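Per TrEMBL, the features are as follows:
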type: BINDING; residues: B:Thr14, B:Asp33, B:Gln41, B:Tyr46, B:Ala86, B:Phe121, B:Asp288, B:Thr329; note: FAD binding site
type: DOMAIN; residues: B:5-293; note: domain 'FAD/NAD(P)-binding'
Amino acid sequence: MSDIKLKIIDREGVLHEVDAPTDMNMNLMEVVRSYELAPEGTIGICGGMAMCASCQCYVLSDHQLPEKSDDEEAMLSEAFFVKDNSRLGCQIHMTDDLDGLEVELAPAED
Amino acid sequence: MIKTDILIIGAGPTGLFAVFEAGLLQLKCHLIDALPQAGGQCSEIYPKKPIYDIPGYPEVLAGELVDNLMEQIKPFQPGFTLGERAETIDKLEDGTFVVTTNKGTKHHAPVVAIAGGLGSFEPRKPLLDNLAKYEDNGVAYMIKEPEMYRGKKVLIAGGGDSALDWSIFLADIADEVTLVHRRNEFRGALDSVEKVQHLKNEGKINLMTPSEVVALHGENALEKVTVQNVDTSEETEVEVDHFIPLFGLSPKLGPIADWGLEIEKNAIKVDNSYDYQTNIPGIYAIGDVNTYPGKLKLILCGFHEATLMCQSAYQRIFPDKKYVMKYTTVGGVTGFDGTKKEAPKAVVKSID
């Protein structure tokens with residue numbers, strides 16, 4: 001078993017239920033890009049280094065996520081539209097215990 | 001008017017390497033970049049991060065790669081227009097192009113190669129209602145002439161190096177410096193953080209954390225801002241002459257999007273079966289800025305695209321000349337500066 005199910009609400013408010021592999025070293029930002037749930041060039045701009053906030057999302061389910069790194073914390077402190085449940089998608093790695101995770105993409109900066 | 005053979009828009013790794021490949025064909029290059037330094041993302045976003053997929057380099061820091069590329073292209077004496085953004089393009093009757101920057105600098109070339117990466121880096125602006133009203137009227141996103149802040153009340157927002165460094169610098173010039181950041185922690189060089197701490201203790205910097213600017217006030221020019229404490233929601237009004245939000249830069253495709261080029265997925269469509277030319281003959285797009293079936297935004301792919309682009313550019317500039325590619329190992333590298341690098345000749349000598 002190497003796929004988990006995710007619910008992702010895109011920036012237009014549309015809900016997508018997708019399968020994400022846990023054995024491909026993928027993160028949430030990459031899953032969103034692989035399903036093209038946000039236009040290329042509007043998500044994952046820095047490539048996943050926690051150096052932009054284009055993959056910011058709001059975590060809606062009560063999954064236990066890994067703690068934010070200093071880099072993620074610092075980036076979110078400068079991002080816009082930040083809420084208490086904001087995370088950077090590129091810092092959330094797909095693991096079996098994230099099965100059923102529900103997130104909403106934060107608006108693009110412009 | 002700056003004249004060159006290939007005008008390259010974007011001085012990231014792909015644009016820089018194009019100078020080398022063009023130089024081998026005796027073509028001169030000039031590069032335009034909105035950032036004040038060469039290197040693109042490698043210098044601006046992640047100079048200290050390692051890259052592991054540059055062929056022949058098991059590991060190289062992004063900043064180091066840029067330094068090496070600059071060294072490699074030095075013999076070909078590229079020109080640079082830095083800190084200016086390519087704004088408009090005009091095709092002349094003879095098929096050549098004039099590209100004008102936002103500062104009015106004009107560049108004339110028979111071939112234009114867009115190596116614009118993610119686009120030009122623009123300051124990230126805070127989401128405040130009447131922000132535009134005060135732009136150039138108290139609100140600025142970069143500090144060009146520090147002297148204009150002499151004796152003024154300045155409020156800087158941000159938590160990175162530039163916010164720290166400018167707060168330190170202006171503490172000696174401005175009448176009052178207030179630094180506002182959403183967190184208590186700053187992300188910057190340890191030395192800068194300590195200096196700000198020191199200046200705060202001395203009363204030279206008024207530090208407001210964890211806080212953010214939530215409103216701007218003023219009849220015509222900026223007079224006052226409202227700062228809200230993130231934890232307590234308590235609001236404080238601060239009288240200021242200048243508000244400088246320093247929230248870093250984010251890339252925008254920008255004016256290039258209006259040049260009549262075919263755009264798909266925020267990138268420029270090119271002919272990847274041949275020479276990476278766009279729908280406008282004479283304009284090429286190479287590196288992260290282009291797209292085609294199977295495109296990968298990798299530096300190594302940009303290098304390849306730059307190489308093929310130069311061959312096609314040569315044909316376009318000299319349609320009647322015959323040319324075959326020559327290995328650098330065979331032909332050496334002859335710079336426009338008179339330098340010549342070549343493989344040492346084998347010695348033919350009998351052994352007694």
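Each residue, glycine too, has its Cβ placed from N, Cα and C.
Shown on the structure are the features that TrEMBL records.
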residue  : record           : Cβ within 10 Å
B:Thr14  : FAD binding site : 30
B:Asp33  : FAD binding site : 29
B:Gln41  : FAD binding site : 23
B:Tyr46  : FAD binding site : 17
B:Ala86  : FAD binding site : 26
B:Phe121 : FAD binding site : 21
B:Asp288 : FAD binding site : 28
B:Thr329 : FAD binding site : 8
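Proximity to chain A (CB-CB distance below 8 Å) holds for B:Tyr46 among the binding-site residues B:Thr14, B:Tyr46, B:Ala86, B:Phe121, B:Thr329. Under the DSSP three-state reduction, B:Phe121 (FAD binding site) is assigned to strand. Between the two most distant C-alpha atoms of the annotated FAD binders (B:Thr14, B:Asp33, B:Gln41, B:Tyr46, B:Ala86, B:Phe121, B:Asp288, B:Thr329) there are 38 Å.
In the three-state DSSP classification, B:Tyr46 (FAD binding site) falls within coil. B:Asp33 (FAD binding site) falls within a strand when secondary structure is assigned with DSSP.
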